[in-house]
Amino acid sequence: MNRNDPVYNISGIRNAFFSEIVFGVSANTILLLSHVVTFFQELRHKPINITIGVLALSHIVMLLAMAAMATDILGSQEFWDDYTCKSVISLYRLMRGVSICATCHLSVLQVILLSPRSSCLAKVKPNSLWHNLCCFLSLWAFHMSINVFSNSIVATHNVTSHILILVTKSCSLWVVSDIMRHLLSILAAFRDASLVGLMVLSSIYMVTVLCRHKRQCQYLHNTSISRKASPEQRAIRNILLLVSFFLVTYCLDSIASSWRVMWNNDPTHRCVQMFVSSGYATFSPLVFISTEQRIINCLKTTQGQQ
């Protein structure tokens, strides 16, 4: 088959995208099951572990929703109705919001747990699951407040219009007016900038804590630093790596989204954008799995029995 053939390109994109989806769902499932087992085994539940479980669950559902959308974009011959369009795309939006808020919550929560008792942040430490849930729901409500005013999702079968923005082959966003579209874009940019700003500030604080801890170790041990990192240091590094990876994928997704107008809503390029945006949900669980000795031992045992 000719490599310049559009059918060849679509087939390659489809195979790469669904391979990424399968890998991401598998990795997030392993991470989720690990934290579910830990939840029932521990008497005192750590807020960070629960948030990681929520993050993994949101990524599973989000990747499955993206797989359904990609199926409609690249190969489905059965067009969706309004109910299917609204259900799948709204579920994707919902889980994407949970993913962003869970990542932001992890970074803020780690800062709060690291803060000294004399700090003002110590007063807002989550002492129970209810406090942790309220903190997360506050971030999520802030994120979803913009979506209340978002454009309507409608089923459009082979319809082209300047007031429609293609999402899949069967579904589009109904733009009320140019003014409303620009207003929603500004509000969404403000929302995302606020959450990303919280992540960046939290990351700066955690880097400061790591540097301070390193200087203290050099002072106490005369530059003889233990190579084995403490659990707190490993947790900080995990969150920093997670936030850094999120920021990179968020920037790439923003660039791909801005090019959508240049692509004239081409379905193939829309799937490429989805491929880029799903990178965080696919590979972020590896950050936690690589440092969870319990998961690594379980995977080694399973591999040894095969």
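Cβ coordinates are placed from backbone N, Cα and C, and glycine is handled just like the others.
TrEMBL annotations: computationally assigned, not manually curated.
In TrEMBL this protein carries:
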DOMAIN    27-288  domain 'G-protein coupled receptors family 1 profile'
TRANSMEM  21-40  transmembrane segment
TRANSMEM  52-74  transmembrane segment
TRANSMEM  94-116  transmembrane segment
TRANSMEM  128-146  transmembrane segment
TRANSMEM  193-211  transmembrane segment
TRANSMEM  235-256  transmembrane segment
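Sequence-remote contacts of a segment are chain residues at least 6 beyond its ends whose Cβ falls under 8 Å from one of its Cβ atoms, and for the transmembrane segment (52-74) they are 10, 13-14, 17-18, 21, 24-25, 28-29, 31-32, 35-36, 39, 80, 88-89, 91-92, 95-96, 98-99, 102-103, 106, 136, 167-171, 267-268, 270-271, 274, 278, 281-282, 284-285, 288. The stretch in closest packing with the transmembrane segment (235-256), judged by the count of Cβ pairs under 8 Å and taken from 21-40, 94-116, 128-146, is 94-116. If one looks beyond the transmembrane segment (94-116) by at least 6 residues along the same chain, the residues whose Cβ comes under 8 Å of a Cβ in the stretch are 47-48, 51-52, 54-55, 58-59, 61-62, 65, 122, 124-126, 132, 135-136, 139-140, 143-144, 147, 192, 195, 198-199, 202-203, 205-206, 209, 232, 235-236, 239, 242-243, 246, 280-281. Predicted-model confidence for the domain 'G-protein coupled receptors family 1 profile' (27-288) is 77, expressed as mean pLDDT.
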